[in-house]
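*Asks:* Before anything else, here's the structure in question.
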Amino acid sequence: MLKIGIVAEYNPFHNGHLYQIRKIREIFGKDVFIAVVGSGDFVQRGEISFFDKWEKTQVNLECGVNLVAELPLYYSIQNAEIFSKMATRILDYLGMDIQVFGAEEENIEVLQKVLDLQKRQDYKDKLMGYMKKGNSYSTSQRLALKEYELDGIVKSNNILALEYMREIEKSNLGIKPFIVKREISEYNEEKVEKERKEFASASFLRNELEKILEEFCGDKNLKSKKLILKKLEKIQKFVPEKSFEIILENLEFKIKNGINFQKLKEEIFKIVKYKILTEKKEKIMEIYDINCEIYARIYKGAEISKNYREFLENTKSRNLSNRRVERIILNILLNIKAGMMDFEINYVRILGFDKKGQEYLREIRENNNFEDIEGKNGFEKKNIFVNWKDIEKFGKFFENNGNMGNSENIEKKENIKNFKIQENFFEKIKIEKNGFLLKELFLEKKEKLNPIVYLNN
């Protein structure tokens, strides 16, 4: 059975995503196995996701995906390189044969040419030269590639595609890359022409949904439901039926409970501002992606800013984009420390599966002692779990019974490394649980512990 992997955020799930799934079955056959690895309740843009992880999983399974796994929170809100690297590794860890991704450039040889160029010293020198002038990494990359007449490659999906391919090559993974050309819509488009019939980007859809939230937030009795439905007509043609149903339910819940994304950002800013201004510099400097220069900027920004938007405006610079600042805000909020970012796969959490996915999990269990936490070499096995409590149990087993903690073993270099991996694992579980608490605080939703099982196919 050919196994196909996809990395996606599905925020929200739209016709372009459905097109990709159908195209995979058209190209590789109807019986292929499809697994998705994606972000959960927080996304790579440094924001809370409009669809939560369970809404995404439900739509995935009803639209033809067989297995859904979560990209852990501490990786899902980082830059494109980390996001794509770790998601690709998890697909490979799950045993996928091919990774399919959308890109503006459909010729994979062109992207390979760019990858080969980026290994050359002359390219690296040009890139560093532009960065030293104060440009951001993405701007410097575009300017450097322009000198080789390749600047047209620097588009959102191409950048992710390059990172997927780079990781596959660098880590010598077994999974192979394959492009399905992105149809019509641009990744970051905010407007679409009236004639557009089928495809629109997730950015456009989110913008429209956020406008509705801002307009009707707090209408507890949903007196404006007819007007809300009227406004939703603008986006209904761009999403599958099941996705539209969830969008409507999601909107109704947020409107009734007064949940507005701009308000959420302001609440987050208040907490983060307090932490920046009251905690010692050394404490904040432990947070991932913060150096002395960035600390100075965010401290000054926190001092003079009254709200979230002002903070972004006062903190950004040529080499510190708004998106990076937003990711740093979440790193501070969740207490994601640089020391724990070891880029190890300690566990994979399964969010949902259908019959075929269930059979595949059974196969993994038989071949890899699935969830056998009593094993002596737990970190060397495929630690794939379908229940959050089992992940916690797995962590506690090593905390209580790990044989890497005594002084005799720690003297050995390999055991020092293993001990650090073990220590980081505990920190990662804490971060995930911090995410659960924030979800309950801001979105008024408790974390589910068991996966969605979809057996209707």
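Numbering starts at 1 and runs along the chain as displayed.
Glycine is no exception: its Cβ is also placed from the backbone N, Cα and C atoms.
Positions annotated as ATP binding site by TrEMBL: 7-20, GLY102, ASN157, ARG182.
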*Asks:* If you count other Cβ atoms within 10 Å of each one's Cβ, which of the binding-site residues TYR10, GLY16, TYR19 has the most?
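*Replies:* Per the Cβ count, the most surrounded site is TYR10.
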*Asks:* Through the lens of DSSP with three states only, how would you label PHE13 (ATP binding site)?
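*Replies:* In three-state terms, PHE13 (ATP binding site) counts as coil.
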*Asks:* Need the DSSP three-state call for VAL7 (ATP binding site) to compare against my parser.
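*Replies:* For VAL7 (ATP binding site) - judged by DSSP and reduced to three states - the answer is strand.
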*Asks:* Restricting to the same chain and to sequence separations of six or more, state which residues have a Cβ under 8 Å from that of PHE13 (ATP binding site).
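*Replies:* PHE13 (ATP binding site) has long-range Cβ partners PHE51, LYS56, VAL59, ASN60, CYS63, VAL239, PRO240, SER243.
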